[in-house]
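K.L.:
Shown below is the structure under consideration.
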Amino acid sequence: MSIVITGTPGVGKHTIGKELAQKLKLEIVDINEIAKNSGLFEENDESNDVDTEKLKVILREKISDRHIIIGHLAPYVLDNEKVNRVIVLRRNPYDLIQVYDERGYSDKKSRENASSEILGVITYDVINQFQDKVVQINVTGGKVQEVLEKVNSAISGNIDTEEVDWLELVTKNNDLKKFFVD
Ligand SMILES: Nc1ncnc2c1ncn2[C@@H]1O[C@H](COP(=O)(O)OP(=O)(O)OP(=O)(O)O)[C@@H](O)[C@H]1O
């Protein structure tokens, strides 16, 4: 079985993915690491541009049926038939801004990532690519062990996808400008 852990940068994919890999005794495929090691990542301050077509071919070779595949690029570089379950981690954008501050992201990069989470960009693309294999989990405020339990239930098909609407929250808080205006 191959399981994908995806979501906006900073939601906790690596934290959860590593624990899960240990628990299920599966090997990790880190999409970003492979892209970097293959010279496909052009990293600069503001954006990470990747040749997704080349990365797709490389990943097709690497992935067997016993992997935890981690990365926000999952919907753009993985074949549907290669994976059994796709977990999208969702995290409150206010918490994400804190993670980005700790990482030293620029205001622009921080806002771009947080607004992408608010609009559910990766979730939309993931559902488009993997359809009924997708389970959405809200990790906000959850301890790592609690999130892990939910992810485990999602893998065995014992949990429904969770509802997330950050746009409603941010609108209610009158914070649209904070996330969407330069
Ligand atoms: N359930 C959790 N509760 C509290 N903090 C968490 C949780 N999961 C992860 N974190 C923290 O959030 C930060 C981001 O986590 P992590 O690096 O795993 O995210 P990521 O989605 O893999 O990011 P990226 O895609 O940029 O590599 C880290 O500081 C991590 O310790």
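Just so it is clear, glycine is given a Cβ too, placed from its N, Cα and C backbone atoms.
A TrEMBL annotation is a machine prediction, not a hand-curated record.
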K.L.:
Among Arg85, Arg103, which residue does TrEMBL annotate as binding ATP together with Gly10, Gly12, Lys13, Thr15?
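P.N.:
TrEMBL lists Gly10, Gly12, Lys13, Thr15 binding ATP, and from Arg85, Arg103 it also lists Arg103.
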K.L.:
Count the other Cβ atoms sitting within 10 Å of the Cβ of Gly12 (ATP binding site), across every protein chain shown.
P.N.:
19
K.L.:
Across the region 'LID' (102-112), what are the DSSP residue counts per state (helix, strand, coil)?
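P.N.:
The composition, in the requested order, is 8 helix, 0 strand, 3 coil.
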K.L.:
In this structure, which of the binding-site residues Lys13, Arg103 has the fewest other Cβ atoms within 10 Å of its Cβ?
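P.N.:
Looking at the binding-site residues Lys13, Arg103, the Cβ with the fewest others within 10 Å is that of Arg103.
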